[in-house]
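Colleague: One structure, pasted below without further comment.
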Amino acid sequence: MSDITRSKIHLADKWWVAIAVSLGMLMSLMDATIVNVAIPRMEHDFGASIHDVQWVVTIYMITQAAVIPTAPYLAAKFGAKRAYVWTLMAFLLGSILCGFAWNLPSLILFRLIQGIGGGILLPLVMTLQYQAFAPHERGVATSVIGIPMQFAPVIGPALGGYLVSAFGWQWAFFINIPLGIIAITVAQRVLRHTPSQPRTRFDLPGFLTAVLGSVTLLYAISAITSGDSSLKNILLFLAGIFIIFAFITIELRTLKRGLIPLLNLRRFRDRTFAFSTIALVFSSFIMFGLLFLIPIYLQNLHGETALNAGLIQMGQALAVIAILPVAGRLSDRIGPRSVVIVGLVILSGTAALMMTLALQTPIWIIIGILVLLGSSFGLSQQIPVAAMSRIDKEEHQEVSNGSTLITVLRAVAAPMGVAILSSIVQERSLYYMDTLSAQGVRGAQLQQQSSLLAMHQSFLVAGILGLLAMLAMFFVPRRNKNKQEQTEPAAMVEMLK
């Protein structure tokens, strides 16, 4: 067999890996949007309050955050393929059990099982992707895998609305059965077994402090930004920070003893990884915060129906899908650093444009702004590629550790973005209500105008954070063209020195 034929087969194998992990990500992300649509029906069928039913969503998110750090351990002990297939099975089992739940407590319990699979699945997707593709090939691969991230929110609400209306809330979970079976079958057939370390020790102290610290901190931030600045929540916030510092101390001591920590925090010594992840935190904060505020603007301030708001936002999602392949090819050709910087410039500029939105802004202008926003999101998807660019695909433990660190940071930044930007809207709207009321503005116009001006303040904060993210990317070293094609471990060791 010729070298060219071998190369083509190897390339085909890589893209089958991309397809396999994309199926898992699509199932996980689409499930989240469909379940959100089913919440009102659950509230009615169980005769429960919205406060009680929201635990169907909350327990899933908390469980995800808790188990994400275990991904490197599972990948090391059992191999990334086996761990990935097991998480798909756990997610599928949880989905089936949720569909057969007989009351709200049982549904919440089964969502916990589903969250275990969903939480570990996300970092393993990145691990398998980066193990399959060399650093100079990851741009396009990330773009392909990023499509489900944009495709799921587009079709999820519409599909969920149909399934729940026609068959009941149970089908928000049963829809995962065919998707899960397909994802497991493809993964079993195309993913290759990677080396495992059966004697890998589980870092229990690190796991317990990571879970307790992250959950406590996120809960306190959510409560404080919602207006509950009680002594209890302030103490919880301080306790969360203290526990996170304890986690960092435990992990560094574990490394000094020559043991494998839950998360290898020494990865942040790499300047490329450190500054890329700073940009990742800011961009994730902005992305999820704006995605939360845009539907509120469209429905509450611009007067659109939920359906029309969804259709308008499709422009943003389609822009991301269109730009992802272009961003990936550019990233592989010139390096992800420049691609990300351009994306963050567009993001900051778009946030400034969003400050011009008014109660009567024409639809075509709104769609244009959302297309720009989607384009910036698509270009910014290359930030993980930049962060992982100095880790070779053969360094399985480092690939797994880096992927998990990125997933953890994104999981923390996303809810913080939603909580803080929405808190700004809430607090500043009260200020503007007093100001506009003194100027003689009354009635519904007072509420709308004050909310709009407050939303402009959130857009301003998003724009400033976008500039900070861009500044962080300027500290990421340019790619060394003489080394971008190297794939041997020895060459990568030299790059990491």
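Counting begins at 1 with the first residue displayed.
Any Cβ shown, glycine's included, is placed from N, Cα and C.
As annotated by TrEMBL, transmembrane segment applies to 15-35, 55-76, 83-102, 108-128, 140-163, 202-222, 234-252, 273-298, 310-327, 339-357, 363-383, 459-476 (among others). According to TrEMBL, the feature domain 'Major facilitator superfamily (MFS) profile' maps to 17-481.
Could you place these features in context, so I can see how deep they sit and what lies close by?
Modeller: Within its own chain, the transmembrane segment (83-102) is flanked in space by residues 21, 24, 27-28, 31, 71, 74-75, 110-118, 120-121, 124-125, 128, 170-171, 173-174, 176-177, 180-181, 183-184, 187-188, 191, which lie at least six positions past its ends and keep a Cβ under 8 Å from the stretch.
If one looks beyond the transmembrane segment (108-128) by at least 6 residues along the same chain, the residues whose Cβ comes under 8 Å of a Cβ in the stretch are 17, 20-21, 24-25, 28, 31, 55-56, 59-68, 70-72, 74-75, 80-81, 83-84, 87-95, 97-98, 101, 145, 173, 191, 384, 388, 399-400, 403-404, 406-408.
For the transmembrane segment (202-222), the list of distant contacts is 62, 65-66, 69-70, 73, 233-234, 236-237, 239-241, 243-244, 246-247, 250-251, 254, 259-263, 408, 412, 415-416, 419-420: same-chain residues at least six beyond its ends, Cβ to Cβ under 8 Å.
Away from its own ends, the transmembrane segment (234-252) comes close to residues 203, 205-206, 209-210, 212-214, 216-221, 223-224, 261-266 of its chain (Cβ-Cβ under 8 Å, at least six residues beyond either end).
Same-chain residues lying 6+ beyond the ends of the transmembrane segment (363-383) with a Cβ under 8 Å from its Cβ atoms: 139, 142-143, 146, 149-150, 276, 279-280, 283, 287, 290, 294, 298, 302, 312-313, 315-324, 326-328, 331, 336, 339-340, 342-344, 346-347, 349-350, 353-354, 357, 473.
Sequence-distant contacts of the transmembrane segment (459-476), counting only residues of its own chain at least 6 positions beyond either end whose CB sits under 8 Å from a CB of the stretch, comprise 271-272, 275-276, 278-279, 282-283, 285-286, 289-290, 337, 340-341, 344-345, 347-349, 351-352, 354-355, 383, 386, 420-421, 424.
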Colleague: Quick check: do the transmembrane segment (339-357) and the transmembrane segment (55-76) share at least 3 Cβ pairs under 8 Å, counting only pairs 6+ apart in sequence?
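Modeller: Result for the transmembrane segment (339-357) with the transmembrane segment (55-76) is no.
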Colleague: Could you tell me the mean pLDDT over the domain 'Major facilitator superfamily (MFS) profile' (17-481), as a whole number?
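Modeller: The answer is 84, the mean pLDDT of the model over that range.
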Colleague: Hey, which bits of the same chain come close to the transmembrane segment (15-35), Cβ under 8 Å, at least six residues off its ends?
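Modeller: Non-local partners: 56-57, 60, 84, 87-88, 91, 95, 114, 118, 121-122, 124-125, 128-129, 132, 141, 144-145, 147-149, 151-153, 155-157, 159-160, 163-164, 172-173, 175-176, 179-180, 182-183, 186-187, 190-191.
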